[in-house]
Ligand SMILES: CC1(C)O[C@H]2[C@@H](O1)[C@@]1(COC(C)(C)O1)O[C@@H]2CNc1nc2cc3nc(N)[nH]c(=O)c3cc2[nH]1
Ligand SMILES: [Zn+2]
């Protein structure tokens, strides 16, 4: 097949009259999806325990995979020889890969950060590696994602201002190098820049303005959901989103809970990803219209109602809380699968409801009714 010069076609469709919230469509080489959207996390080329058919059935439009993990195992060359991630994992819809910046800093035994790149030891076998913006883009190109991310440093929280400023300046230089590397691989139409700046409003604005100058097809807001208070995260969105071009997609990395998704959408964010729905499911923690419950609680021992009476997912239509409790307590694989499916459906259904209410300009009413039945986290 000839190389199709596919750009990231994003169009804003409707706007809420009393907030920056908007709906849109994002068209990529492997399909299109509506925004705001939640991306299930498939770190090692699988959304744990769920099949591609199940992911599609619960409404997954695009999923996320991680460069850091796939680079270490099975290796980018193995995935490339398999025909890329879509072939490898039998997923025909869009995929976004994170650049490894966050994972190197959060998971590996960090050795050294230099202007050129990051030296680290694998958290799997202690082997030494050196990753640069160019290397990260090359790996993501081999993985064959529809959207790739610039290589950045996600500063942990809290961090002093001097370090945050030094780091964001280096991330800006890395962003230029990532963009240049993508251009050399004809992938510049598929790469998002990442805004940093910690929890310092003026540094957030500086990072956003300087990243925007590089004219990426899309922009991620990084350096958040790293343990800071939600209120602080929302304040950083308030100062960052207005600095980003309104006609390009905005992706808030690693976020979040249902409340975070709602507050992010209200502030004009279009894309989200988080491990919470699938990770918490494996511990029996289920999201429902009344808040988060733990299905292993004794109260569900003889509860033959579905986990969420307001949920129309396959799990809630066919199984009881008592059955799920039994499976999860016995660590039965099927229980992990059912809980993961329901949580993912809950997150994706919440995004559907948000899109529907933005289009009808009834977002405020929907949010109010959602929170009224929602037990505090
Ligand atoms: C490490 C792991 C699995 O990823 C989750 C979860 O733990 C955890 C750990 O503690 C909480 C906060 C509860 O969430 O943080 C992750 C979700 N927050 C997040 N993901 C991010 C990914 C990012 N990628 C790049 N390239 N740059 C970023 O700035 C960036 C920022 C991010 N923030
Ligand atoms: Zn359900």
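Yeah, the Cβs are placed from backbone N, Cα and C, and that goes for glycine too.
As annotated by TrEMBL, active site, proton acceptor applies to 98. Taking a C-beta cut-off of under 8 angstroms and a sequence separation of 6 or more, residue 98 (active site, proton acceptor) has the following same-chain neighbours: 64, 65, 66, 67, 68, 149, 253.
Annotated active site, nucleophile per TrEMBL: 273, in sequence order. Long-range neighbours of residue 273 (active site, nucleophile) (same chain, six or more residues apart, CB within less than 8 Å of its CB): 38, 39, 40, 41, 64, 96, 251, 253, 254, 255.
If you look up TrEMBL, you'll see 98, 99, 100, 101, 102, 152, 196, 223 marked as substrate binding site. Cβ neighbour count for residue 223 (substrate binding site): 34 (other Cβ atoms within 10 Å of its Cβ, all protein chains included). Reduced to three states, the DSSP call for residue 223 (substrate binding site) is coil.
Taken from TrEMBL, the feature Zn(2+) binding site covers 311, 313, 316, 342. Residue 311 (Zn(2+) binding site) falls within neither a helix nor a strand when secondary structure is assigned with DSSP, and so counts as coil. Counting every protein chain shown, 19 other Cβ atoms lie within 10 Å of the Cβ of residue 311 (Zn(2+) binding site).
The annotation domain 'tRNA-guanine(15) transglycosylase-like' is assigned in TrEMBL to 21-374.
Using a Cβ-Cβ cut-off under 8 Å and counting only residues 6 or more beyond its ends in the same chain, the region 'RNA binding' (254-260) has close neighbours at 102, 224-226, 230, 233, 272-274, 276, 287, 346-347, 350, 370-371, 374, 377. Taken from TrEMBL, the feature region 'RNA binding' applies to 254-260 (among others).
Taken from TrEMBL, the feature region 'RNA binding' covers 278-282 (among others). Sequence-distant contacts of the region 'RNA binding' (278-282) (same chain, six or more residues past either end, CB-CB distance under 8 Å): 40-41, 47-50, 292, 336, 339-340, 342-344.
Mean pLDDT for the region 'RNA binding' (254-260) in the predicted structure: 97. Other residues of the chain with a Cβ within 8 Å of the Cβ centroid of 98, 99, 100, 101, 102, 152, 196, 223, the substrate site, are 105, 149, 150, 151, 153, 154, 194, 222, 253. Checked against ligand 1, the recorded positions 100, 223, 273, 342 give 223 as the ones with a Cβ under 6 Å from it, listed in sequence order. Neighbours of the Zn(2+) site: apart from 311, 313, 316, 342, residues of the same chain with C-beta atoms within 8 angstroms of the site's C-beta centroid are 306, 307, 308, 312, 314, 315, 317, 341, 345, 346. Cα separation, residue 101 (substrate binding site) to residue 342 (Zn(2+) binding site), rounded: 30 Å.
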